[in-house]
Amino acid sequence: MYLIYYYTIIAVATASIANEKIFYDIDSASVYYENFIKQHNKEYTTPDQRDAAFVNFKRNLADMNAMNNVSNQAVYGINKFSDIDKITFVNEHAGLVSNLINSTDSNFDPYRLCEYVTVAGPSARTPESFDWRKLNKVTKVKEQGVCGSCWAFAAIGNIESQYAIMHDSLIDLSEQQLLDCDRVDQGCDGGLMHLAFQEIIRIGGVEHEIDYPYQGIEYACRLAPSKLAVRLSHCYQYDLRDERKLLELLYKNGPIAVAIDCVDIIDYRSGIATVCNDNGLNHAVLLVGYGIENDTPYWIFKNSWGSNWGENGYFRARRNINACGMLNEFAASAVLL
């Protein structure tokens, strides 16, 4: 039965390598859909909304079959997003705006505060694998919800890790503060990580998450200067011409905010994604580590779609293929005071 098989796949979702192949019988889509609704406690306002979601679900099943057919090291399957069409998903659950250059401040220079760095030079010695999580330098996986705020989560995730490296202590900082107080990025309509860093410098710092909790919708700025927990001195945009330099930078300086095309990972369940195309950057994630499994080198990314997506909120993608277009935009990192 599907239900038994579905829970079996969930059980292996965090295995070190995804050897299981999933194939969904499209003719049984309605059975899968009913189980999906129960598993994820889905509610639809009207019968028409339910029917439209089923159309999306059925189309996504075909996408999962196609990805599983061409992927021998990753599993793609039903998850909590499977009733959303891909275009809507990117609009509601991603949020990178690569052409964002305007500002409410007419004197704003988008490169004024973040130093532009082309990383070159001879290769440095690095270990075969490295994971900042194992050093307790990465905070918990968070969930952006129906809000194009990935840019804020990637930026704050970078700052949290930089703080942990500097102070040997994990703290959770406020993404909501960026949604409300950042005058350059566009809140739930998207933004860029380096602009977020620059706005934090302008604002004066960032508060603890507990003092300025995430709402997933924009409100008036209610910043309390006395509660600022972390301040930044400056920030970097890295122009990385090859993945070896990115690996060295990650190992030397800590987790890095990067831009990707997320379309091919929406249905990701586990394993190493060896197919992740770049049809336009639309999402921001935090690069936290790298490794090798069964002779396949991979990156480890922290996402902001909750811990019940992917490998406990993370995904892995093959190295040295510019997976998901990860080298097509500047990587970014903050420097703390």
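Any Cβ shown, glycine's included, is placed from N, Cα and C.
Pulled from Swiss-Prot, these are the features on record:
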- 1-18: signal peptide (SIGNAL)
- Cys147-Cys188: disulfide bond (DISULFID)
- Cys150: active site (ACT_SITE)
- Cys181-Cys221: disulfide bond (DISULFID)
- Cys276-Cys324: disulfide bond (DISULFID)
- His283: active site (ACT_SITE)
- Asn303: active site (ACT_SITE)
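Secondary structure from DSSP puts Cys188 (disulfide bond) in a helix.
Secondary structure at His283 (active site), as computed by DSSP, is strand. In terms of local Cβ density within 10 Å, Cys150 ranks first among the recorded positions Cys147, Cys150, Cys188, Cys221.
Restricting the recorded positions Cys147, Cys150, Cys188, Cys324 to those with a CA within 10 Å of the CA of Asn303 (active site) leaves Cys150, listed by sequence position. Note on proximity: of the recorded positions Cys150, Cys181, Cys221, Cys276, the one nearest Cys188 (disulfide bond) is Cys150, by Cα distance.
There are 28 other Cβ atoms within 10 Å of the Cβ belonging to Asn303 (active site). Sequence-distant neighbours of His283 (active site) (same chain, six or more apart, CB under 8 Å from its CB) are Val90, Ala94, Gly95, Leu96, Cys150, Ala259, Ile260, Asp261, Cys262, listed in sequence order. The most densely surrounded of the disulfide-bonded residues Cys181, Cys276, Cys324 is Cys324 (count of other Cβ atoms within 10 A of its Cβ). Here the CA atom of Cys324 (disulfide bond) lies 34 Å from the CA atom of Cys221 (disulfide bond). Looking at Cys181 (disulfide bond) and Cys147 (disulfide bond), their Cα atoms lie 16 Å from each other. Under DSSP, Cys221 (disulfide bond) is assigned to coil, being neither helix nor strand in the three-state scheme.
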